[in-house]
Amino acid sequence: MAEVTVSELAKSVGASVDRILAQMKQAGLSHQTPDDTVSDEEKQTLLSFLKSSHGESAAAPKKITLKRKTTTTLKTGSGSGRKTVNVEVRKKRTYVKRELTAEDATETAADEVLIPEQEQLESTSVAEIPESVSSDTAVEEIVADTVVEAEVEAASPEPEPEVEATPEPEVEDVVAEEAEPAAAEPAPAPVVEQRSSFVDDAEILRQRAAVRKKAEEEAEVARRKADAEKAEAAAKQKAEQAAVQKGSVEKPAAGDKDESKHHKKPKPKSETEEFDEEAKAKHNKKAGKAVKKVAGPKKVASALDYVEDKEEIDEVIHSAPKSKKGGQNNNSSNSGSRPLIKVANRHGFKKPTGKITYKVEIPEEIVVSELAQRMNVKAGEVVKHLFKLGTMVTINQAIDQETAQLVVEEMGHEAVLVSGDAVEQKLREQVVEVDDAELVARAPVVTVMGHVDHGKTSLLDYIRKTRVASGEAGGITQHIGAYRVNTSHGELAFLDTPGHAAFTAMRARGAQCTDVVILVVAADDGVMPQTEEAVQHARAAGVPLVVAVNKIDKEAADPDRVKNELSAKDVIPEDWGGDTQFINVSAQTGEGIEELLEAVALQAELLELSAPVNVPARGVVIESRMDKGRGVVATVLVQGGELKRGDIMLAGQSFGRVRAMVNEYGDNIDSAPPSTPVEILGLDTPPEAGDEFLVVPDERKAREVSEFRAEKERTERMQRQQAAKLENMFAGMGSDEKKILPIVLKTDVRGSLEAIQAALLDVGNDEVQVNFVGGGVGGITENDVNLALTSGAVIVGFNVRADNSARKLAESESAEIRYYSIIYQLIDEVKSALAGMLDPERVEEIVGIAEVRDVFRSPKFGQVAGCMVVEGNVYRNKPIRVLRDNVVIFEGELESLRRFKDDVNEVRNGMECGIGVKNYDVKVGDQIEVFDVKEVAREL
């Protein structure tokens with residue numbers, strides 16, 4: 001072998017240069033610098049010193065013999081005649097030590113340099129063996145280690161040419177067949193001298209663990225050596241001194257070629273294979289601690305008594321030996337089965353030591369069975385507690401929030417009150433608030449209302465015809481009831497609500513979807529009943545009015561008549577000092593159209609309209625329908641944010657993903673900014689007109705809120721059965737505010753209408769008053785019922801009746817309709833309803849007077865007055881007053897009323913009694929006045 005420097009030697013063995021120089025100095029070598037050369041003799045000297053320093057003998061025996069004895073148990077027979085037979089197997093093997101080559105010496109030196117501490121630990125573990133054995137036994141231990149190492153190599157992914165684990169029938173054959181390859185193959189010399197040995201199997205397992213650890217260390221050294229050789233090979237190609245570096249690489253001697261045929265050099269392993277080997281070694285170590293013998297499954301089970309950890313059980317099962325297909329592991333009769341693991345006979349559940357307190361969420365109404373489930377108790381227990389509280393219910397009945405709270409607290413749990421709109425609140429918390437969003441100016445939303453015969457449709461068609469750009473697809477046909485118009489004053493969004501059904505529903509839900517209302521009135525026809533309804537709707541919504549006096553091109557047009565009639569409805573023109581703009585227009589000639597749009601733009605500019613854009617879209621549903629081939633089609637108006645295709649939309653009880661959006665011209669669009677009406681596809685069911693829509697984060701949340709709204713709507717429908725009735729009009733009214741009785745009045749002639757309105761307005765006083773939210777001449781229509789439902793009013797008909805649609809709607813919504821034919825009867829019933837809304841008057845009535853004749857002392861009540869009833873009767877549990885010299889000095893309650901030591905409830909006039917006054921001392925001569933408080937209904 002060529003001479004190398006100290007630095008190259010340190011690099012080849014994977015150790016530091018300082019450590020190599022220190023060990024050379026201890027060995028007596030004269031190397032001082034990393035550039036000093038090291039010959040083969042100096043290497044052998046260093047290797048011998050390292051071996052002697054770690055207690056290794058220089059000379060080892062050439063031939064050793066190993067004896068092994070294995071005892072197993074075999075069960076024969078079946079049923080009651082089963083017998084147990086002990087089988088003892090004895091084995092004897094002879095091994096010949098191989099000669100140590102130069103390459104093996106270098107590897108051994110590398111092992112000595114890298115891991116002396118680990119070898120010291122191994123020496124310590126082996127030193128625990130008793131020393132009362134001979135040197136021949138130590139030789140047997142070394143050979144046992146060699147056998148175990150051979151078995152480990154046989155189990156590796158790259159086995160050696162011969163496998164010694166194959167059993168043979170005769171011991172002599174085993175020795176003869178294994179002696180020859182042992183002589184031909186060089187084996188690494190043992191590092192640690194074994195001083196003693198055990199023949200017991202447990203000691204063999206310990207020795208196997210030590211040899212296994214040694215094998216892992218050798219594999220690590222081989223890997224490092226291979227990495228070093230790869231690094232040197234890469235450096236050869238780049239460095240300029242290729243010849244010098246090539247000479248520094250150690251090559252095997254020529255005499256080793258023959259031996260290398262039989263002994264292959266270990267192949268460098270990847271990081272994954274090293275990780276698998278480390279994991280397998282850890283499993284084997286843990287299994288070695290728990291298992292005393294690996295002869296059979298029964299002995300594995302005896303060593304694993306009551307393993308509690310599941311991971312330990314899995315490790316033992318994986319590490320326990322499995323029988324091979326060829327029957328190589330036949331130490332027991334059932335060697336092919338899994339090892340029997342004994343586990344501690346305990347279940348994982350532990351009985352709670354204390355009472356568990358739950359936080360029970362209680363909504364506004366909850367079923368008894370569901371409440372019991374939330375407290376983790378039986379429903380019968382909840383029914384018992386409710387019975388103690390005086391409530392008799394079944395497990396399927398619902399109880400209110402207060403009762404459920406009392407039951408939960410009485411049963412020792414914590415009640416958490418949940419609002420009925422908790423789901424809605426959580427949804428709104430996930431959406432960015434409008435106050436925190438960026439606001440931008442938006443176009444005003446204009447609603448055109450009026451009588452159908454007054455030219456409303458013609459006015460809308462003229463505006464669209466003149467404002468829609470030429471060449472637009474669908475510019476003639478209006479696909480939806482809303483569209484946008486570009487004017488010189490900006491964009492305007494027009495909304496058409498025929499029949500006012502959508503507008504009424506919007507106002508009922510508090511959705512302010514419109515900014516300005518254009519009231520169309522025909523100049524030749526004047527104010528009609530539907531015109532009055534439009535005024536009432538606009539006032540209820542709180543939006544400004546712009547009156548368009550249409551048909552001024554006709555000869556019979558009279559704009560002043562329209563102003564006079566609307567002034568009677570409190571719609572005062574600006575010319576007369578009011579705040580309502582009147583514009584004369586003609587839908588046929590186009591006269592006044594520009595002034596009308598300018599007036600609307602001016603009114604919108606005063607409102608300073610704005611909307612957020614960087615928030616989830618929200619708005620209101622204009623109308624919806626089922627279209628054949630397209631499914632649910634909904635017309636919506638975006639009020640805030642930007643609606644995009646693909647958003648998850650929630651509208652009332654409907655939800656779905658926006659699959660397509662169509663504008664008023666029939667074009668498909670991808671997004672819609674605020675104040676833009678669009679048609680959308682993708683909802684599961686048609687939403688109600690006036691429902692507010694909102695874009696939610698995910699479909700699961702939309703489904704949850706939709707189901708909650710459906711359940712809430714069913715509950716509210718049941719609660720509305722008592723609404724809008726004269727007998728219940730005073731319910732929910734505040735005591736300090738003026739109470740209003742809303743009425744929708746319909747009569748047969750206008751004279752009767754004016755007379756009844758004047759008479760009912762005079763009935764009220766400072767506490768109660770009649771308010772006419774709607775009225776007119778003619779029969780009761782569906783619009784009247786809708787108006788009454790949204791305002792909580794009572795419908796009164798004088799010599800008129802409701803049509804079929806209005807009657808069906810009133811029956812379904814439990815709205816009350818009253819018919820009268822005599823005006824005095826109508827006024828008397830309304831007066832009675834107003835009187836019922838008045839607060840009752842409290843009147844005191846003196847029921848008896850008792851005079852104190854003497855005062856006694858009672859240990860239970862304190863002072864007791866001996867009295868004589870001089871007027872009326874004295875009653876127990878009624879309020880009293882104590883009068884001294886005809887002056888009231890105390891007001892309280894009677895604590896006791898007795899006659900001859902007996903408790904009585906009443907003492908008549910002229911009889912004596914004992915009266916105990918609570919928290920007051922009376923004197924002789926005082927008068928005790930007993931009174932009663934009664935509530936008397938007031939009248940107008």
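In case you wondered, yes, glycine gets a Cβ from its N, Cα and C as well.
Annotated by Swiss-Prot as region 'G2', the relevant range among 475-479, 670-674, 685-689, 715-719 is 475-479.
DSSP assigns LYS456 (GTP binding site) to a helical segment in the three-state reduction. If you look at the region 'G4' (550-553), the same-chain residues 6 or more away from its ends with a CB under 8 A from one of its CBs are 454-456, 458-459, 520-525, 559, 584-589, 591-592. Residues of the region 'G4' (550-553) grouped by DSSP class, helix first, strand second and coil last, total 0 helix, 1 strand, 3 coil. Through the fold, the region 'G1' (450-457) approaches residues 498, 518-522, 525, 528, 530-531, 534, 548, 550-551, 587 of its own chain, all at least 6 residues removed from its boundaries and within a Cβ separation under 8 Å. Least packed by the Cβ count within 10 Å, out of the binding-site residues GLY450, ASP453, is ASP453. With DSSP classes pooled into helix, strand and coil, the tally for the compositional bias 'Basic and acidic residues' (213-239) is 26 helix, 0 strand, 1 coil. Around the Cβ of LYS456 (GTP binding site), the same chain contributes VAL448, MET449, GLY450, VAL520, ASN550, each under 8 angstroms and 6 or more positions distant in sequence. Applying an 8 A CB threshold to same-chain residues 6+ apart, the list for ILE552 (GTP binding site) reads ALA523, PRO559, ASN584, VAL585, SER586, GLU591, GLY592. Averaged across the region 'G2' (475-479), pLDDT in this predicted model comes to 37.
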